[in-house]
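Below is one structure, written out as structure tokens; the observations come after it.
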Amino acid sequence: MKKYYLIVLISFLIFYLSIFLAPYFAYLGETSNFWKFISICLYAVYSLICHQMPQRSFFIFGHKMAVCARCFGIYTGVLVGMIIYPFIKKLDDFKIPNKWYLIIALIPMAVDGTTQLIGLRESFNELRFITGFIAGFTVVFYILPIFFEMIYKKFK
């Protein structure tokens, strides 16, 4: 299982780091068409999974990140959860936690997003990040056991 865990972790780390590469390449693209093209490609890929609204995104290198603040929080939570996962749970333990932990972890993000959507208030990027982080961190403990169990059954 350790081998598969490392493959998943490294793959996700590449995905995560590319969130930072898009604005960095956009910055380099201010003086180079090559880097501008690469950044446009990265933004296009991430546009498939995120709205990328500038007012809901963090900026680095003077350019918005490849995903919005909430998505960035989710992916940061997933990465942190994946890194600490083997310290909390054995990789060959396929039992998932009680569903209520996941529901409770999703409530802050749902409340934040819904209250903004219906116009009760305007959220802010730090809150979007935090609520996304909570959800992303928690979901790891549900998805990885299912994934590892599938791998175990396939290759046992």
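Sequential numbering from 1, following the chain as shown.
Note: Cβ is positioned from N, Cα and C throughout, glycine not excepted.
Feature annotation from Swiss-Prot assigns transmembrane segment to 6-26, 34-54, 68-88, 100-120, 129-149; the stated evidence is sequence analysis.
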Surrounding residues of the transmembrane segment (100-120) on its own chain - C-beta under 8 Å, 6+ positions past either end: 70, 127-128, 130-132, 134-135, 137-139, 141-142
Distant-in-sequence neighbours of the transmembrane segment (6-26), which means Cβ under 8 A and at least six residues beyond its ends: 35-36, 38-39, 42-43, 45-46, 59-67, 72, 75-76, 78-79, 82-83, 144, 147
Outside the transmembrane segment (34-54), six or more residues from its ends: residues with CB under 8 Å to it: 18-19, 21-26, 28, 63-64, 66-68, 71
